[in-house]
């Protein structure tokens, strides 16, 4: 490589790295400004004001963060900031997804595979110029890979950057990617097999006393040795791709799919610094990122140097990253499950709007005196609330002390007899309940079998507060 060409390569590489770093910082701050996900099912029981807030309007100008998701946060920088934006600009300018409706995403995946085959043929030549042309063709393959996903999501009217796992296109795209990578690495193998010497060659050695003998200039490279080195890199690509896709699915289901987990807790985990560190390392360690690094070494005519360097280091690094990610995923899952068990749902539910729920959860918060307070329960006019409490071991049944507050003494909270039948302490109208604060302590409670019509059975404990809604003699289910 000439000096001027070397300087140009260094400057372009430095410029790309600065661009990627700047965009990663912008992506980090974009993630920090994300609102919590909107629950789409009654299971979250969140009918507060933020549910009815208007959706965030789509950006008027082009943004590389359109459809931001966990998958985009784990996508490599070249795909995220070059190929995907180019595919979006192309689709916006040509309206490709609608005008060329007869071209399916699977056809685009096949065109990407053909581009990889052309790249494999070009990389087998000895000329460095042909190698760089092969890099260009492989970049075309990557662009087709970005375009087929974009077209598939737009035709299904999906704005988020997610994988459509329930479609045949997901399988076809994965097979096309695997075949494209395999074909290209096969071309690299045949080039190295022919280019590298298979026997040890020595330079002539001087017999003069004032000169020292030189070591050999070449080392033997058998076909088996070349196949082992290329195969190790192919194995790293496969392992990285499998676990990268697996963790995208796991984090997506945990943090982006509406569930009984509080959306604010999901958003808190997604915005955490440790979460960003894990996702960023997958950005630079997934199969696409490793392949782009390999292409850069091919551009600089150092193909074999890269393969030898990453042969064992790459697998060791992937093992560490997979283990750390698995620990992080399990800790996050445990954290969210504990939060969900302790708080259940810190939200309010209008029973008149819960048409298909028989067991609702209402907010529980500490009142500063050791108990827990239930606030915000809304019922329809005329409904009654039955507070069902198991008798204590001493046989005493406690009734509310004052009309402004219902509090249970500590000896009732120690009741743990599972065979005791709940007794009705008091029946409170819905209007009166709105003005009261119930502060029960830990109880062993069960649902009463004689709940009247048009009634709400309120069951409370220190860990959760449940409301079973019954109207006209049947459960709302």
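Here the Cβ of each residue, glycine as well, is placed from N, Cα and C on the backbone.
What TrEMBL lists as transmembrane segment is 12-31 (among others).
Look at TrEMBL and you will find 39-61 tagged as region 'Disordered'.
As annotated by TrEMBL, compositional bias 'Polar residues' applies to 41-54.
The transmembrane segment annotation in TrEMBL covers 99-120 (among others). Residues 134-135, 137-138, 140-145, 147-149, 151-152, 155, 168-169, 172-173, 176-177, 179-181, 183-184, 186-188 of the same chain lie 6 or more positions beyond the ends of the transmembrane segment (99-120) yet place their CB under 8 Å from a CB of it.
Taken from TrEMBL, the feature transmembrane segment applies to 171-192 (among others).
Per TrEMBL, transmembrane segment is recorded for 226-248 (among others). Counting same-chain residues at least six beyond the ends of the transmembrane segment (226-248), those with a Cβ under 8 angstroms from any Cβ of the stretch are 70-71, 74, 163, 174, 177-178, 181-182, 185, 188-189, 192-193, 196, 282, 285-287, 290-291, 294, 304, 307-308, 310-312, 314-315, 318, 322, 325, 329.
Sequence annotations record features per position, and here TrEMBL assigns transmembrane segment to 280-299 (among others).
Counting only same-chain residues 6+ beyond the ends of the transmembrane segment (306-324), those with a CB under 8 A from a CB of the stretch are 192, 229-230, 232-233, 235-236, 239-240, 243, 278, 281-282, 285, 290, 293-294, 297. Residues annotated as transmembrane segment in TrEMBL: 306-324 (among others).
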